[in-house]
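Report on one structure; see the data block that follows.
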């Protein structure tokens, strides 16, 4: 041995690989249980959420709210006598991490289903894996059209109104209220942006948008885009942006003394976090801010759902700031509880899917759900909300999609029954 | 000049002579290359067999670990043997992953034989990463220490900017979906998808370890060491330091590219978020923890890199912590633990885990002759 550094070679390397394998194998092997994650008294479900990273500030409260709602349900005896065990894994909004944590949930924690996996890039990366393993993939949290592919992904379902429909609803409102004005779009440089754009163009016409700008989440500066929109003479600016970038766009424009009419997709329009980003100037900057929403607004204190969610938030969520994310998380939990109830006394993964497709789920939204065998979209339309004096409230105007146009929807919203715990 | 540096220079290289009986764990340097390949193949067969002991999730972790191992092994030799510090090896992995993604997606649309669809993307990943490595290596051969580190750092920092600038090609932050060749039909009854992924990863890792094991026993290793220790002396001995550095940089980029290809194959995705600066630094930390410049050390490094996040997440779940706190710890505790391990290893075993194990074995042997 004349080379002290060259001691390690193949044999020892492979021996170590085997040692590593043995360390790994000492952990348990999942049993061949009939229904993973299901016992007579509990059902285990999991989700991947951005608890850290760039999207955490806006979206981390969602899973906390869902957990609080499940605590409330469990205290009432659960669904069909089963308590809901909800495991939240942090993926930092990074698809690479999502891959690992979802495999951990499915292969190691043996969850019965995945609920509300958040984000288009993150959740897209696990669709194939979940499908291969026949895991019910309920109510993915983004408006991507990818969740609605019943042929390719029979187990995957959306939750919120898809981005194309959101674009159409916003487009309809703009064409009704701001006819003749110059309409522009600032969109995220992915499906979110392009889908909202295609929705807007369905209503406003192919040349309905005077200027389309895009931004990337990894670059925290949108001044170039805002200047371009100002130069193009944009009067009504639609935002297909996540919350942080909605605030950034409005704030950047204000610094340039540019005050167009802002119209935002629901994903980036939650008043609470926006006001947090914009600080003291928020009520002034957000006055007249228009957005769409398919769930009741957090500030509508006379709505029965909001009353209940606020109550649960105080008791089970340590009184966290009550905003759109909390409503979203609890509405998500309620919808799952409904699906679990309809899946029967001895639910299986198949019966859960059948229950969602049955069309019996009502949800807690302003508009109906689309779920059927051939349609895996969530909510089918949206209402319009406007900020006035620092309160974001529904105008009562609601639209649902019908092919390539939207039609007004005037049936009453879903009623709150049996204390917000679904029962037969 | 190139003709003169061969066995004669190898034997003339000044190496500190420390008499030591070769341990059974270490292949004797008198082995022929063929014998070394034989041992590599044997080890691969054993490792493939060992995957039957693992459940699907552990097989998935093993597959990810082998991808890390490919990159760590190349980086370890680069840092340890030629003394070139690269902070940007994740960028070479990303190059491999994207090359794999483009090739595999293109082949998925054509009706090519499944073996071609399985192997060709890996080959392209290696070639592309090696080419990028050679280009960076040529620029980097003029640089030393922190300056080279700075260059490679810029590379990994530029990655997300590049992918979002050309988001129609690279898919922006979301990255690319990779359509891969799955396990053969006749195997699908026998093994789970994750076990097959582990097999593919182990094959790649065996290839990397096998090639690098040949490399460290070849005269070339002496040249690398000579360049690292004293450039002027190496030059006087007829060794071209630039060519040596560029070659090693290319080789180590190629192994990182193969690792990126494996990761793209296993996760079916190539995204900038997977190859961040922090991941790049983790690779280097793994090299140091395992033992710089050794292949066994690279294996230790890969094991640590895979197991630490696993263990910390099971610890945070096992401890009776409030849900909020344990969720906060979930993603962050691993980073702290890595730091602590790095500090402890540096204090207790400056030559890494591999060095510590080696000296422990040596001590035991001396006690019981």
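The backbone N, Cα and C atoms fix where each Cβ goes, glycine too.
Between the listed ranges B:19-36, B:37-54, TrEMBL ties the annotation transmembrane segment to B:37-54. Counting Cβ pairs closer than 8 Å and at least 6 residues apart in sequence, the transmembrane segment (B:279-308) and the transmembrane segment (B:119-140) reach fewer than three and form no contact. Contacts between the transmembrane segment (B:196-216) and the transmembrane segment (B:87-107): absent, as fewer than 3 C-beta pairs lie under 8 angstroms at sequence separation of six or more. Taking residue pairs at least 6 apart in sequence, the transmembrane segment (B:329-349) and the transmembrane segment (B:246-267) share fewer than three C-beta contacts under 8 angstroms.
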